[in-house]
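Lifted from TrEMBL, the feature list:
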- 39-60: transmembrane segment (TRANSMEM)
- 80-102: transmembrane segment (TRANSMEM)
- 123-147: transmembrane segment (TRANSMEM)
- 159-178: transmembrane segment (TRANSMEM)
- 263-393: domain 'Oxidoreductase molybdopterin-binding' (DOMAIN)
Amino acid sequence: MADLTARVSARLAARLEPGVRRARDAAADPVKSERSAVVIGRLLAAAFLVCFATGLYSHLLQDPLPWIPLPTRPAELYRFTQGLHVISGIASVPLLLGKLWTVYPALFTWPPVRSLPNLLERVSIAVLVGVSLVEVTIGLLNIVQWYPFPFSFRSTHFALAWIAIGSLAIHIGVKLPVIARLWRRPARDDPDAAGRFVSRRAFVGGVTAATASAVLLTAGQSVDALSPFNVFAPRRMGVGPQGLPVNRTAAQAGVTETAVAPGWSLELVTPAGSRAFSLEELRRMPQADVVLPIACVEGWSQSASWRGVRLVDLLAEVGAEPTTPLVFTSLQTRGSFARTEMPPEYARDPLTLIALELNGSVLHVDHGYPARVIAPGRPGVMQTKWLRSIEVAA
């Protein structure tokens, strides 16, 4: 039986090896080299690391840990980090495609597995490539708010990020000698093979130009200076009710009637009891004006002028101190963020408002009329619109 297996294996290898070698020769190209892979890989690794770090920060703000204090200053911190998250994610798309183009001839090696370490290396690369492609694809779909997949975007995106960064660490560890060798050795000009192939430098330059173009034509949704070049991003600054974009409208939230009901009131619940504030009562309280950005997880952001009651002043009306987390409940009954939690450091901040006006006029219903939360440095999904109640934990 062993002899039969050996003979079959030998014949199979004899048939497959020439085809694999021909495929490798056909894929041969000066740009498909270790140096090209390392040059593009450095840029891709940097984009992945920036995207991973800023993504972790976004998740921390949405699911805070009680033992980690969260910064409320600078007020535009989350606008910066989430804009950087989406920009680096978009930049990784052409970089990832360029990286795959330089290394795919390595698929056609014979024998396909030479040792156990080689097997582990190839498995880690397969995981890295597969996870990275899925990760950037669903990330791009989230930017345009299209979810054709049956799973939760947020939890899946978070889990895949850890798998991708772990696979990347293994890949870098395995390839570190090659990376170090090519990093130290000066690059030599590659021949253009009598005009048949693009040179390595031209290829790397093309990938870099594609990456820069992708960033330039989308970053304007969060970077003021680049807003005139915002061609492909789904949101544009200044476009929307009261000059501010909207992610979720009142109709989508199912609050078109309840939000404008004349009997609306904001219930403030404390361990000592509860009190309802009508819209007129809120308007009679001292009003504050602040300029704060709306920064959404999809990457778009814009600063706006808000007017309303400071949250600390509202809590003082019922003798409550913001020393514990607050829970905000919206009139909307569907969605993951119909109830949100605010750590006490945000509740104490004088910039945190129960906003009643936006850019000089009463809140549009799509922006949260009759009242919404606005606080410095928080994701837009946590800035609860169409407030129903605020609960102060014991």
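Using N, Cα and C of the backbone, Cβ positions are placed for all residues, glycine too.
Per-residue pLDDT, averaged over the domain 'Oxidoreductase molybdopterin-binding' (263-393), rounds to 95. Shown for the domain 'Oxidoreductase molybdopterin-binding' (263-393): DSSP residue counts in helix, strand and coil, namely 23 helix, 57 strand, 51 coil.
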